[in-house]
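> Structure incoming, see below.
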Amino acid sequence: MTSVAVVGSINLDVVVSCAHFPDPGETVAGSSVSYGQGGKGANQARAAARAGASTTFIGAVGDDDAADRVLSLSNDIQLRTSRVPGQTGVALITVDSRGENTIIVVPGANALLTLSEEDRRIISGADVLLVQLEVPVPVVLDAAHTARQARTTVMLNPSPVIDIPAELWALVDVAVVNRAEAEALRVPLDDVGIVVTTFGADGAQLRGPDALVRADGISVDVTDTTGADDAFTGMLAASWNLPPADRLARANAAGALATTISGAASAPTAADVDAFTRASRR
C-alpha cells in the first residue's frame with residue numbers, strides 16, 4: 001500500500017446550487033445549500049485515502065465552531081490539525097445547472113500553518129508527499145525539503161498559481177496541473193521530471209523523462225466539476241507505485257467519476273474506479 005502525507009488547506013465548504021450564476025448587481029434564487037469539508041489539501045487527502053493509500057493530512061483550523069464542524073466530517077483520513085487563533089478557512093462555492101462552479105476562498109487558519117517535528121517525521125516516512133499552494137510557501141518548502149532528505153517523492157499541485165520560488169521547483173519530482181496552470185507555468189515546468197496535465201473532458205497526459213502517456217476523456221453525466229481535479233490528484237498519489245499508464249488511467253477515471261457527484265468531497269473509492277473501468281470496457 002502506498003503511504004501519502006498531505007500538507008495543505010482544510011476549509012468549511014458552503015455550497016449553493018443555482019440555475020445560473022448572477023451577473024454583477026444581480027440576485028438569483030438558489031435551489032439548495034450544503035456544508036462540507038473542503039480545501040485542496042483535505043480533498044486530495046480524502047481522495048488518496050479512498051483510493052486505498054495510508055494517508056495522513058497535516059493542516060490547521062481555527063478556534064471557532066466551524067473547526068468543530070469541519071473536523072466532524074473527517075472519517076476518511078487521519079488528521080493532524082493544529083488549532084490556531086481565529087477563523088477556520090471557508091470556501092463559498094456556487095454550482096450552476098451545467099455543473100460549472102465559482103469559488104471564493106477565505107484562507108483563515110490555513111495561513112497560519114506550521115510544521116512540528118512529528119509532522120516532519122510523518123513526511124519522512126511516507127512514499128509520497130502531496131502539497132498545494134493554499135498554505136504559506138515557506139511551509140510547503142519546509143515539507144518538500146524534509147521529503148527530499150528522506151527520498152520521499154514530492155508531488156506538487158501548484159494551485160492557485162502564484163510566484164513560486166526556484167528553490168521549491170528544484171525539490172519537485174512530480175507536478176500535477178490543469179490546462180490553464182500548464183500554460184501559466186510552462187517555463188518552470190520544463191525542468192520538472194514528471195508533469196501530469198489534466199484536460200477536463202479531454203482526458204489527461206503524463207510526461208516523464210522517457211515517455212509521454214495519454215488517457216482519453218471519459219464520457220459521463222456531469223453534475224458538479226468542483227472536486228474533479230482533487231479526486232484525480234489524490235488517486236494519482238495513491239497509485240504512484242503502479243506503472244505510469246496505470247496510475248494515469250486510474251486518476252483519469254477518478255476525476256471523471258467525481259464530476260457525477262455534487263460537492264468538493266466527491267472522490268470515488270478504489271472499488272468505484274475498478275467497477276467503472278470494467279463497465280467502460282464492455
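Note that Cβ sites are derived from N, Cα and C of the backbone, with glycine treated the same way.
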> The ATP site in TrEMBL lists T198, F199, G200, A201, D202, G203, N252. Which one of N157, N178 belongs there according to the record?
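Candidate listed by TrEMBL for the same site: N178.
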> Hey, TrEMBL has substrate bound by N11, L12, D13, G39, K40, G41, A42, N43, E134. Any idea which of D229, D230, D246, D272 it lists too?
D230
> Greatest CA-CA distance (Å) over the residues N178, T198, F199, G200, A201, D202, G203, N252 that the record ties to ATP?
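Result: 12 Å between the two most distant Cα atoms.
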> In sequence order, which residues at least six apart in the same chain have a CB under 8 Å from the CB of A258 (K(+) binding site)?
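Counting only residues 6 or more apart in sequence, the Cβ neighbours of A258 (K(+) binding site) under 8 Å are A47, G227, A228, D230, A231, F232, S266, A267, P268.
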> Quiz question: given the binding-site residues A42, I261, which has the greatest number of C-beta atoms lying within 10 angstroms of its own C-beta?
A42
> Around the ATP site (N178, T198, F199, G200, A201, D202, G203, N252), what further same-chain residues have their C-beta within 8 angstroms of the site's C-beta centre?
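Close Cβ neighbours, site residues excluded: R179, A204, G217, G255.
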> Pop the Cα-Cα gap between D13 (substrate binding site) and N252 (ATP binding site) into the table, whole Å please.
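With distance taken Cα to Cα, D13 (substrate binding site) is 24 Å from N252 (ATP binding site).
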> Looking only at the domain 'Carbohydrate kinase PfkB' (1-267), report the model's average pLDDT.
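Here the mean pLDDT over the domain 'Carbohydrate kinase PfkB' (1-267) amounts to 93.
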